[in-house]
């Protein structure tokens, strides 16, 4: 949306959201959509520290790092509203879903090298195709399909998990996804009406914050499930009786 200050980055070449551009700074196009990624980075950093400190498998460290990369890409996109930065936001979204797909399905995959090889080549192929063809609605459809493919295994993990605290993580994951989707849709579909309000609720910025918590809850739940598979005696504990994380006890032989 058009704003007040001049643009450091030049004319807008990417998709815009329901926030006035360059209101607070000539260097930041969509201010709230940019800074709302900071909680995502902090939550991913907390998850990364926990994964490294307790020596979880490298896949979880990579997962938390990918969450941070995605949030940084989103910050650059919303700060500049340039097409290249938009692709730098969208392509890591697909890579991240491929990583979730690997973490969810690899424990039951008998050919260990085939899945990561295929997913890596798929990710590279998508990045090249997206750079050349500049998918629009096709990107959104593709991303939703990847998300839907992860749901059956996520649900299987949920029904086979007996720990009440771990199940609560899964429920928080669903709740933040639901609320975040409402914010995203409202910002996208009702921008004309929202623009006439005295106060803009910044639905897309709320989506970023909720997705930061959504990723953290999903990652923590998956870490618990994987620790159960490895017989590491996982427990969901809470820092200051509020913030959940997984604590494990590995056998001495490991």
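Heads up, the Cβ atoms here are built off N, Cα and C, so glycines get one too.
Nobody curates TrEMBL annotations by hand; they come from automatic prediction.
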Transmembrane segment per TrEMBL - which of 118-137, 138-157: 118-137
Binding-site residues (78, 204, 208), the one with most neighbouring Cβ atoms at 10 Å: 78
Beyond the flanks of the transmembrane segment (61-81) by 6 or more, those residues with Cβ under 8 Å of it: 9, 12-14, 16-17, 21, 27-30, 33-35, 37-38, 40-41, 43-45, 47-48, 51-52, 88-89, 91-93, 95-96, 99-100, 103, 208, 212, 215, 219, 222
Listed in sequence order, residues not in 78, 204, 208 with Cβ within 8 Å of the centre of the Zn(2+) site Cβ atoms: 17, 19, 30, 32, 33, 34, 36, 37, 74, 205, 207
